[in-house]
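Inspection log for the structure reproduced underneath, given as structure tokens.
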Amino acid sequence: MANSTMVTEFLLMGFAEGWKLRFLYSMLFLLMFLATLLGNLLIVTVTTADQNLHTPMYFFLRNLSILDMCYISVTVPNACVNSLTGNRAISVTGCAAQIFLVIYCAFVEILFLTVVAWDRYVAICQPLRYSTIINVRLCVRMTVASLLSGLVYAGVHTGNTLQLNFCGSNVVPQFFCDIPSLLRLSCSDTSSNQLSILASAVVVCGGCFVFIAMSYVRIFSAVLKFPAQEQGKAFSTCVPHVLVVCVFLSSIACVYLQPAAATEALQNMVLSAFYTMVPPFLNPVLYSLRNKQVKEAVRRVILRKVHSGAR
């Protein structure tokens, strides 16, 4: 890792100054973390164990759940430990690893959400062609392409950030290492870094948002032709999906695209929590646990375990 820096470690910001508030926030974050792991682990277990859920849609949702468990694990456990122990130090190598993993998970998350939206569009708007358009080979190829492109994307942005010089304050105004915070600490010219972030955000986030928006517009147009009862079910499922995508992308845009002079540490921490914690927490509930097929599969898996244990 080539890094011409005079800083040997960074100091992350805690959740609050007082011990009681730090403890309270840490417990809230920890509970949210555990609930996220439990919800996503349940989805992975059920979609793997139940043969009825071995379909392209649940293949994508299982991948999304695995990613979400990894995503929230990158930031929250370390932040809670640091806040409770008061040890805020993180090495340059550790900071680089955290930057890489956060960018990687966020990038792949956007792609997976886009794929899920497209899967729903084909299922609702082209149901007769669904099995021919979305097959096992295509599912695997899209997943592998998302994972590999995420490595390239995260590697480029992490490498560009580590080439900067850090010769001033080493206090990161964030509860984990991210690029915008390090750009504010750098004493190098960061204009090229900011330009690359802007360009990639427009291409990746903007492109995925347009694709997701178009998919759901067509879905809503098709749903309006359904009977009234079916419309209510479809809208109650699709609208929360759109809201999660909007919260995820808008919070990323606010953190990464706003001018450095116009930012506050508390505001950044709240916005960062929205894009690193909220989607992994809500995705299993909105995409799967509200689904009738998943609920029935959970019952079947539990009954199967009970019967096998009784024997």
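Glycine residues also receive a Cβ, built from the backbone N, Cα and C atoms like all the rest.
For 23-46 (among others), the entry in TrEMBL reads transmembrane segment.
The annotation domain 'G-protein coupled receptors family 1 profile' is assigned in TrEMBL to 39-287.
As annotated by TrEMBL, transmembrane segment applies to 58-76 (among others).
What TrEMBL lists as transmembrane segment is 96-118 (among others).
The feature transmembrane segment is assigned by TrEMBL to 138-156 (among others). For the transmembrane segment (138-156), the residues of the chain that approach it from at least six positions outside its boundaries are 56, 59-60, 63, 100-101, 103-105, 107-108, 111-112, 115, 196, 200, 204, judged by C-beta separation under 8 angstroms.
Summarising the annotation, TrEMBL assigns transmembrane segment to 195-217 (among others).
Residues or ranges marked as transmembrane segment by TrEMBL: 238-258 (among others).
Within the same chain, residues 29, 32-33, 35-36, 39-40, 42-43, 47, 58, 61, 64-65, 68-69, 71-72, 74-76, 102, 106, 109, 113, 116, 174-176, 178, 240-241, 244, 247-248, 251-252, 254-255, 295 sit at least 6 positions outside the transmembrane segment (270-289) and bring their C-beta atoms closer than 8 Å to a C-beta of that stretch. What TrEMBL records for 270-289 (among others) is transmembrane segment.
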Candidates 58-76, 195-217, 238-258; stretch with most C-beta pairs under 8 Å toward the transmembrane segment (96-118): 58-76
Where else in the chain does the transmembrane segment (238-258) make close Cβ contacts, counting only residues six or more beyond its ends and a cut-off under 8 Å? 106, 109-110, 113, 116-117, 120, 178-180, 197-198, 201, 205, 208-209, 212, 216, 219-220, 223, 268, 271-272, 274-275, 278-279, 282-283, 286-287
Mind checking which residues reach the transmembrane segment (58-76)? Cβ under 8 Å, same chain, six or more beyond either end. 29-30, 32-33, 36-37, 39-41, 43-44, 47-48, 98, 101-102, 105-106, 108-109, 112-113, 115-116, 119, 136, 139, 143, 175-176, 276-277, 279-281, 283-284, 287-288
